[in-house]
Amino acid sequence: MINFSSFYQHIAQDERLFHWLDTLPAQLSEWRAHALHGHFASWERMLENLPEITPTELNLKQGVIANKTPALSTGEQLGLTNILKALMPWRKGPFSLYGVNIDTEWRSDWKWDRVLPHLSPLKGRLVLDVGCGSGYHMWRMLGEGADFVVGIDPTQLFLCQFEAVRKLLGNDQRAHLIPVGIEQMPELNAFDTVFSMGVLYHRRSPLDHLWQLKNQLVSGGELVLESLVIDGDEFQCLIPGERYAQMRNVYFIPSAKMLKVWLEKCGFKDVRIVDENVTSLEEQRKTDWMVTDSLEAFLDPLDHTKTVEGYPAPKRAILIATKP
């Protein structure tokens, strides 16, 4: 059964994080007692069925890659594949685990390649990843030398996927996924780097989200913000109707320049737009590990520069900012 005792033990010994123990255990007890997904028990059984494997080769620098010598047999690989496929859909990755290649909907490694050149070095840093999904980028952060990585995401399938990968990486305790939203966190002012990637446009109040991110950073800490944007000057913002690219919960899509103004309005300094990129059909697509509709189905079939609703097709910007 998934439990958070190792995380509690770690933060109890960390003066930057131990105040979180005032609220978190009660929140997670309430979550387990009253808020579990209907499939959660079956997902946990899949975790219990995973083999105990210690990698002899672990590469978190070029990807999330684990291998062992001797290699798994064909039958063992098939058994591992079947367990991991019971945790579908896999959206963020990819993962290469003992010959089983999880080809996720998103090529999250491509996003990481766009982000990485602009980061302050992560070596030795305490990192928070907000809306971390199944945790792909958390492992890449460790690959860049982060000391400890906390991911938060309330989606329970993502928690189970993260715990599956963790078990297959030798039960690595340097990263933990906590199933809460940022609005449930106290203002810790603790993290050296905070990532929020693919979250802002799902927020009814985007400036409140930026303040919440700021309140998790130490003074001098770095925010890495990635979000949907539109073309235009600092006065341009799209407020979609009921759906955007078939997503219901999209509220504000500013231009990158407006997003920079928002960050400055919230008191961040040294705000810079470091990347803008139109999402390609190669970066987000249907795979054997995510078999429902993906980006291609969300775009106008006659004009891929538009969504099916007629809005500009998804474009994403990365901004870096510093808390004074």
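Placed from the backbone N, Cα and C atoms, the Cβ positions cover glycine too.
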Candidate from LYS85, LYS92, LYS214 that Swiss-Prot assigns to the same carboxy-S-adenosyl-L-methionine site as TRP106, LYS111, GLY131, ASP153, PRO154, THR155, ILE182, GLU183, MET197, TYR201, ARG316: LYS92
CB within-chain contacts under 8 A for THR155 (carboxy-S-adenosyl-L-methionine binding site), separation at least 6: GLY133, PRO179
Position of peak Cβ density within 10 Å, selected from the binding-site residues ASP153, GLU183: ASP153
TYR201 (carboxy-S-adenosyl-L-methionine binding site), number of other Cβ atoms within 10 Å: 22
Chain-internal residues, separated by at least six, CB under 8 A from LYS111 (carboxy-S-adenosyl-L-methionine binding site): HIS137, MET197, GLU226, GLU283, ARG316
